[in-house]
Structure formats: structure tokens, C-alpha cells
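Here is the structure we will look at.
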Amino acid sequence: LFHPPSLLPVPLTSTSTSEGILTSSLRDIHHSFINTQTADMASVIKDALPSRLKPGNGEAEGRHHGKSQSHVAFENTSTSVAASQMRNALNNLADGVTDPKEKKRFETEMDNFFALFRRYLNDKAKGNEIDWNRIAPPKPEQVVDYNSLGNSESVEFLNKLAVLKLNGGLGTSMGCVGPKSVIEVREGMSFLDLSVRQIEYLNRTYDVNVPFVLMNSFNTDSDTASIIKKYEGHNIDIMTFNQSRYPRILKDSLLPAPKSAGSKIADWYPPGHGDVFESLYNSGILDKLLERGVEILFLSNADNLGAVVDLNILQHMVESKAEYIMELTDKTKADVKGGTIIDYEGQARLLEIAQVPKQYVNEFKSIKKFKYFNTNNIWMNLRAVKRVVENNELAMEIIPNGKSIPADNKGEADVSIIQLETAVGAAIKHFHNAHGVNVPRRRFLPVKTCSDLMLVKSDLYTLKHGQLVMDPNRFGPAPLIKLGGDFKKVSNFQSRIPSIPKILELDHLTITGAVNLGRGVVLKGTVIIVATEGSTIDIPPGSVLENVVVQGSLRLLEH
């Protein structure tokens, strides 16, 4: 499905495009502009479109925004030349694909990427920075309190539900190989195992058949296909599809990093979970779900152990006729960088920290002004998803992500690239009656680091039908745990803390340096353990540490 961009950018009024991320490439484009001033602009625009959608075929027509200022002409031409060069490069990549079916799939993917790239160029040309003066905290009707929802035991809507987990991420940040969802979390079970157990329990308890859908990436697809075979005898229907594979963009030239469709993995990237709408549609899974009578999709990150099906929210979505619901929870000091829901000229929107002008970042982090943050637990109406995709209504804010990848030849400097990404939460503005629900903190239990892993493995939680339930004797929210660099990888974490300490009465834990915890350790209050560089601290088995700071070196040798 190709989404044709505007054929010409909105003219620039005051913000120069020869700055920021476009600097070096626009310098090159300037020379092209000098050499093409007398060229027919229509041909430049025509070259920037996919061949099957060029004017003349009756499928796309361009509109020229007539402006006489020379700098506007330069901006328009610069953007058009960059788009034209990218389009030609993408066509060359597609020409190298020989299998007709694969070629069609690849061309569709590249057309969608090109639409995103073109929109990025236009945004840069317009200086499309968010207007902070138009931003306000959400209105009361834009956020519903979870406690005000009816306490539903109604299961009639479960037959209209499917559960989707975002399964595109790798476990590399925690030192693991393969999909992050297969990291062992608790009692020998992975994130994926726990999710499957939850859906099985739902299906068995209420005599329903809720499909379980995984959105993989090219990084996780083959491993996931092997892993899910073990669930074949289970009471669960598992469906999988891949999110898009887009070419990374060379920062200096604004051309694709891959030299062919079969280029190395490092030249490609999955474009964020905002891609779920088009990928769900293009894969055919959206229509399959609708044919089964499924109308509502509950989406969440694979590593959020608190994201379980909630009958109260499900019933609220049906009764309120909302096409989109974003679960929010109260922001704490640990969450100040998380995306938040805002009111933007009467419309509910998601605001990410990457979109915030530097001078307003502290205001964005304020718990007083923006007291909620997005859990990325999203409920959406599938018929509405189909509508916004087919009508080309999606225009989620683009998040440019700068990275470096290794050069092709040893000894050469790393190559600076750009990834254009979108977030699923940013789609809230495209759906009717979309709003947030302020949910209890228990519905947000992500595992991003080994600090999080220690928490979910602890005695603070028990496992019930694949769901982690906090001990009712806990006096408040979960403790804040900060483990240093020596605990970054799961293997190091497991060797240094072979037995998770009891933390039911813990408020705060900080451990840095070479620290090892013995078995049966109990931590209470605030505990800080700091092993200075070159030293080691061994906490003896059975130790009880309460409101203490342990520094220096401590080793106990068995004899």
C-alpha cells in the first residue's frame, strides 16, 4: 500500500534547512540546484515518485504551491532533489530483486519508506517544531480514571478480542542473544511463556479463543518461528507477522545505506512500533482477524509483565465507542522521560521527549504539569485501523534517530546514519473518541535492565496463571533498584546474585562495583553497597542489611 506524499513541500517561511541533520547533504543539493535551475520542475517531481504512481498514469497528480521568493524555490528544489535521488536509489535496489512475489513485497515496503522519508524532508524544510504555547495538560474528558470504570465480569466481548505483543526487539542490551522475549524471567519461564500462559488461562476459564499475535522484526522472526513450535499442543492460536524492514539513511548524502536488497543486516532497521498499522494491514493479518469476528486489539510491549487483558477496560472501550485507548499511569521521578498525553488545540496527542524543544525539557519532565505517562498498553478498534490505513490518514510524528554503524572496510571510521521511526502512541490523534485511561501502576511492569529483572524475580511477586501479583503485605509501590555496570549483562547478574534477596521491606537499593550477594540475604529500607575500583565486596549468606551504606572491600574465604 503506497501512501503518496505531497508532491511539493509547504514553502519555508523563516527556518533555514541548511542546518542540523541536513547540513552536509543540502550543501551537495545546492550544487544540483545551481545546475538545474532551468530544468523543468515537473520532471524533478516526477522522478521523485514511484514509477507506478507518476503523473500521466492517472494515479497521481501534483500541485504546485506558487511562490516567487528565491529562497523558497531553493528549499523546494533541495527537498525535491533529495527525494528524487532517494527514489532512484530505491528503484535500483528493487531492480536487483528477481523473484516476482518478493519484488512486489519489497517495492511496497520501499514505497512506504519513501513516503516517510519525503514527509521527513518536508518537516525539516518547514522547520516543523512543535509549538509549545499550544500544548496543555489533557482535559478531564481526555483521561478517564480506571477506578471510575464499571467492575466488569462480562466476558461477551472476549470473542471480539485479540492480544498483540511487540516482539521485534533483541536482548542485546542485557547481554543476551536472540529475541528479548525469550529471556528467562521467573521459574524457568520467559516473557513469551508467561504471555502464552495468560492467554491459555483466559481461553480455558471463559471458554473463548482469544488469538495471540506477535509482531516480529527481521531480527527476531526466524528465532521466534522456532520457539513458538513448543506451543503447538497448547490451547492457543498464535499468529505472527513482520514489521517493515527499512533502509538506514546515510547522514552525509541522505541516500540508503544498503547497496542491494540483500545487503547486510546492519544496513536495515525496523522503523518503530508505529509501523504496526501498515504492517498489520499489509501482512493480511488484519483482514484475517476481522474475518474471525475480532474487532478489538490489545497491544503492549513484550517485556511489560503488567500488560494483561483487563475486562473493565475492554467493556469501557465497547461502551464508550472509543476507537483507541491509551493506558496511562501516574508519573514518578523514574518516569520523567516517558511520553505523555497532552491536549493540543482540543485534540489528545502523545508528546515524546525527543519532540520537545531543549528550553522546555525541564517543563516536560514536571510531574505537576504532565502527571501521566504512556505505558504503551494500547487498545484499538481494528475496523478503524483498516480505515485510517486505507484512507492514508496516518501521519504520526517522525522521530529521527541518529546512530553509527561499522564501515565496510576495517580501519575506516564508523558511518553516521539516520533512522526514521514512529511510535504507536502517536496515532491517538487519528482515531475517533480516542482517550487515555489512568490505570494502576501494576499494569506497567517493564523489564528493560537487570535492575528490573531483580525486582520481578524477587519475593515481592508471586506467579498466578502467568501473571505477576504483588504481595499484599507490601506497604507501598515497588522499591527503586539501581544496579551498576557490573550487572548490565544477565550472565554477570546471575553470577553475582545467584539467589535473589528478600526485598519485601526494601525502599531503595543501589549496588555499584564488584559486589556479590550470598544466599538468603534480606534487604530493608535504603541499602547502598559501593565497591571501589579494584576492590570486591562479598555480602555473607543470611545477612540482614537495613538502612546501611557498605563501602570499601569485604571478602570471606571458605576454608
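Cβ atoms here come from the backbone N, Cα and C positions, even for glycine.
G272 is the only one of G150, G272, G338, G476 that TrEMBL places in the UTP site (with K180, Q243, D303, K448). In this structure, of the binding-site residues K180, H273, K448, the smallest number of CB atoms within 10 A of the CB marks K448. There are 26 other Cβ atoms within 10 Å of the Cβ belonging to Q243 (UTP binding site). The Cβ neighbour count for D303 (UTP binding site), using a 10 Å radius over every protein chain in view, is 24. D303 (UTP binding site) falls outside any helix or strand according to DSSP and counts as coil.
In the three-state DSSP classification, G272 (UTP binding site) falls within coil. If you draw a 10 Å sphere around the CB of G272 (UTP binding site), it holds 23 other CB atoms from the protein chains shown.
Note: the Cα of K180 (UTP binding site) and the Cα of H273 (substrate binding site) are spaced 15 Å from each other. In the three-state DSSP scheme, Q243 (UTP binding site) is classed as coil.
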